[in-house]
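Worksheet: the structure to be examined is printed underneath.
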Amino acid sequence: MTVKAGINGFGRIGRIVLRASLLNPEVEVVAINDPFIDLEYMVYMFKYDSTHGRFKGTVEAKDGKLVVNGKPISVYAERDPCCIPGRIGAEYIVESTGVFTTKEKAGAHLTGGAKKVIISAPSADAPMFVVGVNLESYSSDMQVISNASCTTNCLAPLAKVIDDEFGIVEGLMTTVHATTATQKTVDGPSGKDWRAGRGAGANIIPASTGAAKAVGKVIPHLNGKLTGMAFRVPNPDVSVVDLTVRLEKSASYEDIKAAIKKASEGSLKGILGYTEDEVVSTDFIGDSHSSIFDAKAGISLNPNFVKLISWYDNEYGYSTRVVDLLVHIAKVDGRL
């Protein structure tokens, strides 16, 4: 039995979500909508990827459909989600345009016949979920939900382990974040955020992020205890979180490592990784974990004040969690 899904927006996340879905036998993508990419271009963009490499399966255009590994996927080019035909057969929609991020806007998919919508971005008003952290809060009456951000997906599992074991009094997060599609290749206008308009390939760019504060939405008692910022760097993929926290309970760095390793092998297996290798960013391209703790990179100032480092493939890891969230809610809804 599979859950039939649709993808709205065939950009970076939309395409990687499709790749990730092909590895999950419980998900079948049956429709893709993107008004800016025609069918032949979809074939090309899915087949070739500068970061994740050439798609190892088969992909072609046939009879007006995108055929991946022999399975046809209906293709549409509607600008308004409510205009996507109800006959597409997709009960669950991954909203990955980056445009429709509120319950009202993403909810337009429901008009077209969808049962549920997962926004692949933070949302101002939709309930946010992080796999491994707060899935138990989902209920079947929720129609539009958010998978939060890639950075929140990296930070929240790590913060959960530390808070559960030692208690977090307060903390600051910095994410050293890979370039994304919204940045400029060369200097250009960028509204009120002047720094964001500087060339992505030539600069380290300080930026705001709500990722740390969003942890308070998925772990409510941490609300107000964490905040953070970002540095956008000239790196095509893989980012890293630097979490500096003050602990309630004194702990050696060895104690902290042991707690994270235990979680990575137990309750958070497949979500939170653990490594003691001498790793760098490219070692995590294509890693499906939400967060990979770097045991050798962290430092402790004293038993109550520590800096923790965790890597994440901000494209592939995040997209894998979108698929996991889809499967989870489908099971709760009785669709799987």
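Even glycines carry a Cβ here, placed using N, Cα and C.
Because the structure is a prediction, the values reported are computed rather than measured.
The NAD(+) site recorded in Swiss-Prot comprises Arg12, Ile13, Asp34, Asn314 together with one of Arg79, Arg246, Arg335, namely Arg79. Within Arg54, Arg195, Arg232, the residue that Swiss-Prot lists together with Ser149, Cys150, Thr151, Thr180, Thr209, Gly210 for binding D-glyceraldehyde 3-phosphate is Arg232. Here the Cβ of Thr151 (D-glyceraldehyde 3-phosphate binding site) has 26 other Cβ atoms within 10 Å, regardless of which shown protein chain they belong to. Nearest to Asp34 (NAD(+) binding site) in space, judged by Cα atoms and limited to the recorded positions Ser149, Cys150, Thr151, Thr180, Arg232, is Thr180. Under 8 Å, Cβ to Cβ, and six or more positions away along its own chain, Ser149 (D-glyceraldehyde 3-phosphate binding site) finds Ala121, Pro122, Thr209, Gly210, Ala211, Ala214, Tyr318.
Each of the recorded positions Arg12, Arg79, His177, Arg232 was scored by other CB atoms within 10 A of its CB, and the lowest score goes to Arg79. Take the binding-site residues Thr180, Thr209, Asn314: by the count of other Cβ atoms within 10 Å of each Cβ, the lowest one is Thr180.
Here Cys150 (active site, nucleophile) comes close to Ser239, Tyr312, Asn314, Glu315, Gly317, Tyr318: these same-chain residues lie at least six apart in sequence, with C-beta atoms under 8 angstroms from its C-beta.
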